[in-house]
Amino acid sequence: MKARVLLSLILLCGGLAAPSARADDAASAAPAAPAACELPSYLLTSESQLPRVADAVKAGKPLEILVVGSRSTTIPASENSSYPARMEAVLKDKLPPPEVVHVSVEIQSKKTAEETASTFVKLMEAKRPTLVIWQTGTVDAIRSIDPDEFRGAVTEGVAALQSAGADVVLMNLQYSPRTETMISAQPFLDNMRVVAQEHDIPLFDRFAIMRQWNDQGQFDLFSPSRGPELAKQVHDCLGRALAQFVIDAAHLGPAQQQN
Amino acid sequence: MTIADQVTGSTIADAAGAKPRAAASAITLPAIGERELRLDLFRGLALWLIFIDHLPTSLLTWFTIRNYGFSDATEIFIFISGYTAAFVYGRAMLESGFVIATARILRRVWQIYVAHVFLFTIFLAEISYVATSFENPLYTEEMGIMDFLKQPDVTIVQALLLRFRPVNMDVLPLYIVLMLALPLILWSMKWKPDVTLGLSVALYVVTWEYDLYFSAYPNGFWAFNPLAWQLLFVFGAWCALGGARRMSRILASPVTMWIAVAYLVAAFYVTLTWYVPQLGHLMPKRIEQWMYPIDKTDLDVLRFTHFVALAALTVRFLPRDWPGLRSRWLRPLILCGQHSLEIFCLGVFLAFAGHFILAEVSGGPAMHALISLSGILIMWGVAWVISWYKRVADKSGAKTKNAVGNADLAGGG
């Protein structure tokens, strides 16, 4: 009797597991296909704008983009597949040919927003970017920094970047279902949204985007796989989404450029 | 045996047991009469919602109240816990004095503490497993959360001191601190309830004004600041000790009702803008800047008032003698609410286990629904077993037990 119950339970679980396994296969069969990257448009648009980026492109100046991030900005041992590199490739592809796009990356691993923000003045003097994409929050969430302090630090950082003459895009945490029971992301997501609203700057909602992919079955983010394949695909999609987001916020789309 | 039998049964038993001082048991508190099933019902509901909220988001999550306004199940839970704790131990303090009541409260605190340590052990097991088995390069950074495993000596001691508290394990430490303060609260309530409530409000204001907090390990602060959340607990206690009766005229007034309705609708609209970002531009920037962030750590005033508005409407439209309270359909909820400490811990454990299954077996929506559903069924089943056991034990323990009172009614934890 017991054995039969157990068996039917296992069969039930197997049956339920099967559809998601198939979804997995579909995703890995077409690694570069943008179909896997599909997102609802509200995740890719922002009411806030990037005037300096728009001006630079209009004036035909090179577009210098600086990504300030942490370890989740890169994939260990495959830098060229990380989202900043993918974004650069897509931007070069999408913007008209004479446009020069250069993306540099500044990794501040294991640093909180406050520690990172304190380096901004020097960093901006050295790099002079048109656009800074500041990805932050993960380290603060792991160390459960006071969200108020976090908000203060992000506010200061954004102010420093803006006063150095750059447009700013904020990027929040990764959606990480495995560590959901261990890292409390919500206060940090909320506070980044608040800062973005207060300063009228675009927020690239990496968390919601990755959750969307996971929920829709495009990627199985629970996967314990040790290989870099999944990471590469996700970063490819993130890079595409980010490029799209920047183009949209700076009104660089084909329609706008004709005007 | 229905709930009704159970309640009347135990009331009679209590009354018979403590004959000369019929009021000795909280259940026969003259002011309140028999066990307040609405409290059990909503505490049970809060426990289910906390369980669902602790699982990853799914379709079911849309049924939890945090998606429809500012406050969530935690508010319900803490308020009812304050209410029931004051109800039981307040009576004990009147009857047996400060020392005895304090001793009983401390015994309850100890139970909650042990439950917390038990949950921490399970959490440790889970996190250690993830640390050793999960090496997705996408998440190397998030794995930094495992760093504390490198110095378990410090971590475990800090956990025992309630300073290291993983995600989803914040409610019990808050509850422990609130219960520790309960003797003082009750003693002061006995003297002047309104002044006590006033002091509580003052502490809340001072906490906000001077940014007081409980520090945590390795850094940061408690996710539920007891200095702020005590307001809800004390408010619950104040209601239990006669405040609710004195407020009944205010509660019955249609003006109150319409204010509450208007506030709830406004809060619903605001929450709607979180999920339908297209609505965002209809929200005046001014109001946004004034309102955000709505702070859960320090029990934002918006959250507190949202809970009060909900409670006011509930009391108005759900009378204590509503026959539905005795219906078999609500019985699972009421049963869970009656054994809240056990069911709360079980819920946290089931949420851990649910995460684990979702990660190891499959993350599909069907599996998700199955886990949520079985979790709730397990909570119900265990609650049923506990009440069955209590009934049997009470029968054999006979009358000597009555004076001790019912820890579950009191605990809430």
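Backbone N, Cα and C atoms are what each Cβ position is placed from, and that goes for glycine too.
Per TrEMBL, the feature transmembrane segment maps to B:45-65, B:77-100, B:112-131, B:171-188, B:195-215, B:227-244, B:256-276, B:301-319, B:340-358, B:370-389.
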Report summary line: Given the transmembrane segment (B:301-319), its same-chain partners at Cβ distance under 8 Å and 6+ residues beyond its ends are 38, 42, 65, 69-71, 75-76, 79, 231-232, 244, 251-252, 256-257, 259-261, 263-264, 267, 291, 294-295
Query - Contact yes or no, the transmembrane segment (B:45-65) and the transmembrane segment (B:112-131), 3+ Cβ pairs under 8 Å, gap 6+ - result: no
Requested in this report: Determine whether the transmembrane segment (B:340-358) and the transmembrane segment (B:112-131) share at least three Cβ pairs under 8 Å, counting only pairs 6 or more apart in sequence.
Outcome: yes
Query raised in the report: Under 8 Å, at least 3 Cβ pairs, sequence separation 6 or more: does that hold for the transmembrane segment (B:77-100) versus the transmembrane segment (B:171-188)?
Result: yes
**Report entry** Same-chain residue ranges lying at least 6 outside the transmembrane segment (B:171-188) that approach it to Cβ under 8 Å
**Finding:** 50, 74, 77-78, 81-82, 85-86, 89-90, 93, 98, 101-102, 105-106, 108-109, 112-113, 115-116, 119, 162, 165, 195-196, 199-200, 214, 222, 224, 226, 229-230, 233-234, 237, 344-345, 412-413
Query raised in the report: Mind checking which residues reach the transmembrane segment (B:195-215)? Cβ under 8 Å, same chain, six or more beyond either end.
Result: 163, 177, 185, 188-189, 221-222, 225-228, 230-231, 234-235, 238, 243, 297-299
